[in-house]
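The feature chitin binding site is assigned by Swiss-Prot to Tyr138, Trp384. Taken from Swiss-Prot, the feature domain 'GH18' applies to 26-405. According to Swiss-Prot, the signal peptide annotation covers 1-23, on the basis of sequence analysis.
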Amino acid sequence: MLTLLPSLILLLSTLSLSTPANAGAAIAKAYYPGWGSDDFPLSKVTWSKYTHLTYAFAKTTKDGGLTLEGSNPGGLKPFVKAAHENGVKACFSIGGWTGSQYFSTAVSTPEKRTAFVKTIVDFAKKYDADCIDLNWEYPAKQGIGCNTIDKDDTPHFLSFLEELHAATELPISAAVGIVPFNDAAGNPITDVSGFAKVFEHIVIMNYDVWGPWGSTVGPNAPLNDTCAAPANQQGSAVSAVNAWIKAGMPAEKIVLGVPAYGHGFTVKKEDAFQKGSTTKLAKYPPFDNKNRPNGDKWDDKAGKDVCGNDNPAGGIFTFWGMVDNGYLKEDGTPKVPHRFDDCSKTPYVYNPDKQIMISYDDAKSMDHKGHFIKNFGLAGFSLWNAAGDYHDILVDAVRHGAGFKN
């Protein structure tokens, strides 16, 4: 059972207060998907909403190098230029779900670490970047399915980071899971103080907590799960922040990752609604895992992944995709049956004709997350991703909650 820090217990009892105690967050960050630049060019970015924007992704290669292949290689220079013109820090991110295949190899020996450090520093200089983000999914834990992996990835990663930190004055951040990195036995490490010394901040990826790999529909990005039944406590912003702080990461170095997308599930009508109702959605309904729905036009289509394995459709809907597909109105409010879960502080919608239920985030849930960030003294938020929002509804909401002026 999760043991909460006393300060976090106090916070949970005051989450509904409208006047938070902390002065406010400092980092308003988002990822910019290089591969989506045709649909979401730089001219569509509302730069004034952000302090940092991070170009995703530079992928790791077999020989210890980096490549922007698949992420519009010609897009990074104009991205940095536009960010600088708008007074925004321009970062680049290394790795990601499909780009972490060779992270383990690149940091596996002292010689390879030194070479990888030089590669990254040279890359940052070439593109005039202001900051470096590392998105290794995941040290000492398999990600997409064909990543190189070593039981000593975590200590190797720290040694590499210490060398990188010594080689550059640029701030270093990392996107991390909802529990600290794995040790050699596959358990989360209990001391991250060494990492705290080299990271300017970490971004906790508090999304994909529930998805089509489970047996029931659940919240994609729960704010809290300590109020849920034990079987439904899969992780949340509350438990993740607690775990990282308990291991030695200061709250002021933690940025909360928030999503501009949701997971879609095929759910029968008889399972989607509470018994005897045609309007009230059921909690944690079962879904058809053999019939994953197609998401919006940005969703991964069924086919082979980078590992060569057959994959079904992703079932992912961006926030704008939910508007385009008739789940939400232009103002981001629901157009179909809807439920807001008071424990996870996240919404669900269901289209009875398509038999698709989506767990996602809306303005209300983002405002709750923003207040959590502000109340607990976190560094700020990071949106995955800037292109997924619709008319800045989500970023405005989390900014409001976190104490930024919109």
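Using N, Cα and C of the backbone, Cβ positions are placed for all residues, glycine too.
Looking at Tyr138, Trp384, the binding-site residues in this record, the fewest other C-beta atoms within 10 angstroms of the C-beta turn up around Tyr138. Under the three-state DSSP scheme, Tyr138 (chitin binding site) falls in the coil class.
Taken as a whole, the domain 'GH18' (26-405) shows an average pLDDT of 98 in this prediction.
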